[in-house]
Amino acid sequence: MSQSLIVALDFPGKQDVEQFLRHFEGEELFVKVGMELFYKEGPAIITYLKEKGHKIFLDLKLHDIPNTVKSAMRSLASLDVDMVNVHAAGGSSMMKAAIEGLEEGKQEGKERPICIAVTQLTSTSEAMMKKEIGIEKTLEEAVAHYAKLTKESGLDGVVCSTLEVPKLREVCGNEFVTVTPGIRLASDDVNDQVRVATPKRARELGSSYIVVGRSITKAENPLEAYKTVKQQWEGVTV
């Protein structure tokens, strides 16, 4: 599970990122850059992190018409990021266009970034999905439907809750990538996410990657928290 622990850099700007990364001198991380940080700092934050030797999941959740998504992905691939995502609700044509854009934009001699789709946000409960989004399926059925569509569209995997991983293994196979946010240490608050799990539980359920934010970034000692999460996730002492 080398570098399958992704640290969410949910910070408002580069200064906060620099301060956080001082705890990890010499450590090559797999980090997630989301909307807040990317919209504030732009592509320069990607360049900065790459120069530090980190892998990057650029979490922008694209959802637009196919041609727009294709063009956007072409641009994102040129930044040499390692993972990107879209909303599965955008449909098959949009997801196929995303892959086309990534192939066209990837740097020479390198593989295209891993491309995954969001099924349902981990802040979404089944009651909310039915009442507000208008999907009458169970949450598990809706996620499985989107995951199957994602695989058929040529993407590498999905973002999903750990609770949905076993079902997705049945539907999409063991090679299908599952990236699971909503990971907390047992002692942490769950905050605004509904479907959460510990690193150990994510490992037991078969997640490919876990995304951990506050448990590490808000810790008194981020490096020690990182090591604790990594130990629980990988099942070994680090």
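Just so it is clear, glycine is given a Cβ too, placed from its N, Cα and C backbone atoms.
According to Swiss-Prot, the feature active site, proton donor maps to K61, an assignment based on sequence analysis. Annotation source Swiss-Prot lists substrate binding site at D10, K32, 59-68, T122, R184, Q193, 213-214, citing sequence analysis.
Remark: of the binding-site residues P66, G213, the most isolated position is P66 (fewest other Cβ atoms within 10 Å of its Cβ). Distance between Cα atoms for K61 (active site, proton donor) and T122 (substrate binding site): 14 Å, as a whole number.
Taking a C-beta cut-off of under 8 Å and a sequence gap of six or more, H63 (substrate binding site) has these contacts in its own chain: V69, V86, H87, A89, G90, M94. A simple way to gauge crowding: the CB of the residue listed as 'active site, proton donor' has 15 other CB atoms within 10 angstroms, across all the protein chains here. The Cβ of D10 (substrate binding site) lies under 8 Å from the Cβ of K32, G34, E36, L37, G213, R214, T217, each of which sits 6+ residues away along the same chain.
Taking the binding-site residues L60, T122 in turn, the residue surrounded by the fewest other Cβ atoms inside 10 Å of its Cβ turns out to be L60. P66 (substrate binding site) carries a helical DSSP state (H, G or I).
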